[in-house]
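According to TrEMBL, the active site annotation covers 185. Per TrEMBL, Mn(2+) binding site is recorded for 19, 205. Annotation source TrEMBL lists ATP binding site at 19, 116, 117, 118, 119, 190, 205. Marked as domain 'FAM20 C-terminal' by TrEMBL: 80-297.
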């Protein structure tokens, strides 16, 4: 519904923003580890290196041959129609925005999309859904508690599962991830149930990221500003990505070129990530100045070996 160059309209609320397939693709690349070839030498270029987004790739889909003509879902099939411009359209079945007015239309039946790898079936690996403590109100006028209480993090840290383990640090990682993308729509998150609190957050549903390159939504950073906690591995990675030779925007641009429907992001979105990275580092620096390095930066390095390990 949006071209790469278009921004989210200024009068849109975050909960009525468009879902963007290219945002899902870009989120995967931002989150992952990238392998590049450099003059006969294999070099690993790490971006955030969280590896918590299931693999996502872009693809040009034939809506007629690959969806309408092969689906066994009669309800889905009935939502296909031909538009006044003679394009094939459909709107599917869902709770919101599934109507003729919000249909997806091809040209005439070709459409870009993002395809994500399936997580293990729930019968094999059950997942638990958690309400994000810094969830927004999803209301036109009401504010969430964290927006009016500057000490809100202290309450969160006394509440399971944030009162033990590394879950609060996972939330900080997710906060940085969302701020770099400009994603305000992180209302819930999921974990694998089997591992209890010794697990990690799965970074699902990133389609409302990369909506505005001309605006940095500072409220996304509130969890970091309130809690003043961050993993040492994350902090060192962010500092590295701020260096000219490992510049975040350049690494992202190079990584995204490998996707089938590249270019994925408009250049100003890439430049916005560099700007937001500097804001994150300034926030951590302010926390360190206020509370001291050891109280802010959590050492998650295994001192017995020369590798980085993250407690999950």
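From the backbone N, Cα and C atoms, a Cβ is placed for every residue, glycine too.
Because TrEMBL annotations are produced automatically, they should be read as predictions rather than curated entries.
Nearest by CA distance to residue 119 (ATP binding site), out of the recorded positions 19, 185, 205, is 205.
Put simply, of the recorded positions 19, 185, 205, the one whose Cα is nearest the Cα of residue 118 (ATP binding site) is 205. Annotation for residue 185 (active site): same-chain Cβ neighbours under 8 Å, separated by at least 6 residues, are 14, 15, 17, 205, 207, 208.
Of the listed binding-site residues, namely 116, 117, the sparsest Cβ surroundings within 10 Å are found at 117. Summarising the ATP site geometry, the residues cited as binding it (19, 116, 117, 118, 119, 190, 205) extend over a maximum Cα to Cα distance of 20 Å. All protein chains considered, the CB of residue 119 (ATP binding site) has 14 other CB atoms within 10 Å.
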